[in-house]
Ligand code: DX5
Ligand code: ZN
């Protein structure tokens, strides 16, 4: 028997990618928000999931919680707006401490204007779409955004299972961004944890959101460490 190692078929890219980790505060203990932010001080971003009970079938939190998180932590506040017609509130979220604002293509007929408004506010502009929405809907926006978020669950709730087909969507957007020479972040959100983080990055992601995988039993610091280990 020879001992020859087979090539690693999961390695889709031979250039190592730097990966930013963005724990989602949705899964944190809100009674201890300041401590939870301390526990993720070693992360790159804090992901802030805002839900309005209209665009998604759940209500999470809004401006005052973002302002509290902002006051308690120097982390980049990455705000994911799951709200109808987000352009109505972009300035309010910018004023409350957002560093980046991500809007859904399905949430407004004027998605490009929303992206322009975010940039005019001096914030990083992100665009995203639900798992059932064709990727082509975000293609015209790619030259003008700082971040593309591929949702790997249907937005509205934490703790759901990663939809496997999302890997193909990540690969396609990675190719489009590379063709454009874009340095935009390619973020993935939903069901990401130590068991699939490597595959998600190999497919082309540069930025991982994780809620339940970070703020689990044992504390967020350990959760973050498990995620980093899985990416080594
Ligand atoms: C879903 C949110 C996600 C969610 C991720 O609507 O956008 O950010 O909190 O949670 P996990 O990592 O538990 O799937
Ligand atoms: Zn999110």
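Any Cβ shown, glycine's included, is placed from N, Cα and C.
Taking Cβ-Cβ distances under 8 Å and a sequence gap of 6 or more within the same chain, the neighbours of residue 189 (substrate binding site) are 24, 47, 80, 128, 149, 150, 151, 152, 153, 155, 209. When secondary structure is read from DSSP and collapsed to three states, residue 189 (substrate binding site) falls in the strand class. Summarising the annotation, TrEMBL assigns substrate binding site to 24, 80, 156, 157, 158, 159, 189, 190, 191, 211, 212.
TrEMBL lists 47, 49, 80, 189 with the feature divalent metal cation binding site.
Around residue 49 (divalent metal cation binding site), the same-chain residues at least 6 positions away in sequence with a Cβ under 8 Å from its Cβ are 24, 25, 26, 60, 80, 82, 158, 211. Among the features that TrEMBL reports, active site, proton acceptor is placed at 49.
Residues annotated as active site, proton donor in TrEMBL: 189.
Under 6 Å, Cβ to nearest atom of ligand 2: this is the test, and of the binding-site residues 80, 156, 158, 212 it is passed by 80. In sequence order, 51, 56, 57, 58, 82 are the residues near residue 156 (substrate binding site), counting only same-chain partners six or more apart with C-beta under 8 A.
The Cβ of residue 24 (substrate binding site) has 24 other Cβ atoms within 10 Å, all protein chains considered. Most buried of the binding-site residues 47, 80, judged by other Cβ atoms within 10 Å, is 47.
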